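What follows is a set of notes on a single structure, which appears directly below.
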Amino acid sequence: MRLIKLEQPNCNPCKMVSNYLEQVNIQFETVDVTQEPEVAARFGVMGVPVTILLSDQGEEVNRSVGFKPNELDELLKELR
């Protein structure tokens, strides 16, 4: 499984999610929705940040919207 974070420049909650994931030493991919709007459309993302856990086949398993440490912890449990 893999974790992706959809964000845009100058988004403070996006930075908070990145910092949180980096503190717990989790690898994740970052997608700038202003540069790759097709990714946001694929996952039906209307606002950022959105952190999505994907299966090995690329299917969405779970997601967290905004900076919510409890939701992020749930994603991380599923990732491990």
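A Cβ is built for glycine as well, from the same backbone N, Cα and C atoms used for every other residue.
Features as listed in Swiss-Prot:
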type     : residues    : note
DOMAIN   : 1-80        : domain 'Thioredoxin'
DISULFID : CYS11-CYS14 : disulfide bond
Nonlocal neighbours by CB distance (under 8 Å) for CYS14 (disulfide bond), same chain, sequence gap 6 or more: LYS5, GLU7, GLN8, VAL48, PRO49
Residues near CYS11 (disulfide bond) in space but at least six apart in sequence (CB under 8 A): VAL48, PRO49
Composition by DSSP (helix, strand, coil) of residues within the domain 'Thioredoxin' (1-80): 29 helix, 21 strand, 30 coil
For the domain 'Thioredoxin' (1-80), the mean pLDDT of the predicted model: 96
